[in-house]
């Protein structure tokens, strides 16, 4: 692991390859994203057996998914510190062991509290140690194709959800919840394999002549400052502050419709299987929406304005929620799920791409940890507050109206603040100055080399001798 030292910054100044081994990194990120986002929902398949086994209520079992999500988001700064200290690959492999160990230990649980600690805390921590480093490595391996890479990696979430939920039902019927937890724990060991794919970028070897000239130009060696384990200077960046506030408001309402749409359909008098089909439709549309949005975000005239494309996706999502609140039959809910799947996929493909564009590669490892920590509080507040509103009003329309309003508000904050508070400085003169300085330095080096040359190369046909020297 000699290349771990390169993980302290933005890849050690190495240019992103935009391909090659980066596609293996993308595949690993695809798997990790799928496990991280789909696993808390897939575990809910076992809730009925857990209620029967431990004689608890549904609200007690729902804490399992809540703790998983809280660990995924709330341990962001811890992940940033570990990545900046040890590198992405070892952190992810240890995280894979934790994720698997938690599910295996939970299969021997004798109370619901044991499952909280094992599945919620230990497995949640393991997934957090995989999710954040995988995004950091994806950012280092892709630059020009980064929007597409983010879209493809984000598609792992709906794909895994479509696979893990049916698999959980099969395991439950065949082996019970204990056997299902044990098998899922074995599956999570694949996170270690994905972590092994995260090979650090190694800078190209320099020639001795080039390195000698650079050392002479730099003068005496200076001690490099130690890399910060958690860089709080990102809070001085206006763009980062705007993004953090907007993302926190967004998370309040973004995850509410998928939680309540099935029960909404049941209240309208639809069967359980027919109602559950709505989530399948939403996930299927989401699979294709994320890569497509990544391709669009990578276009030359779109990429510099990806913040506004993200704002449009949020407005689209929030407006879909507001209009969907007027649904009165199953057909209208199907249409709602189609449009929600498209907008939800756009948001999922763009949220981390925008953060990468705002803070850059060097500070991304710290920025994503701090953003996830702030979002953790909103994730825990959003769905429960919507549930309380439902208990008070007994009407799903107000739940969808609240969620849509929160998402639209986040879009307005992001777009207006970026337009009025972020000033773009002209980059052309700076680029020209940077191009002139290396040229001048190379000219000076060539002049010194020419002056120091000896023999016929310098004096032409005149051979150096005592007479000619006089």
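Glycine residues also receive a Cβ, built from the backbone N, Cα and C atoms like all the rest.
Taken from TrEMBL, the feature domain 'Major facilitator superfamily (MFS) profile' covers 22-422. TrEMBL lists 21-39, 62-83, 90-108, 114-136, 148-167, 179-198, 240-265, 277-299, 306-324, 330-352, 364-384, 396-421 with the feature transmembrane segment.
Per-residue confidence over the domain 'Major facilitator superfamily (MFS) profile' (22-422) averages out at a pLDDT of 82. Within the same chain, the transmembrane segment (148-167) stays apart from the transmembrane segment (90-108): fewer than three Cβ pairs sit under 8 Å, each pair at least 6 residues apart.
Stretch with the most C-beta contacts under 8 angstroms to the transmembrane segment (364-384), considering only 62-83, 90-108, 277-299, 306-324: 62-83.
Residues 135, 147, 150-151, 154-155, 157-158, 247, 250, 254, 257-258, 261, 264-265, 268, 270, 274, 278-279, 281-294, 297, 306, 309-310, 313-314, 316-317, 320-321, 323-324, 368 of the same chain sit 6 or more residues outside the transmembrane segment (330-352) yet have a Cβ under 8 Å from a Cβ within it. The stretches the transmembrane segment (240-265) and the transmembrane segment (179-198) do not meet in space: the count of Cβ pairs below 8 angstroms, excluding pairs fewer than 6 apart in sequence, stays at fewer than three.
The stretch from 90-108, 179-198, 396-421 with the most CB pairs below 8 A to the transmembrane segment (114-136) is 90-108. Highest Cβ pair count under 8 Å relative to the transmembrane segment (90-108), across stretches 21-39, 179-198, 306-324, 396-421: 179-198. Under 8 Å from some Cβ of the transmembrane segment (21-39) lie the Cβ atoms of residues 68, 72, 92, 99, 123, 127-128, 130-131, 134-135, 137-138, 141-142, 149, 152-161, 163-165, 188, 190-191, 193-195, 197-199, all in the same chain and six or more residues away from its ends.
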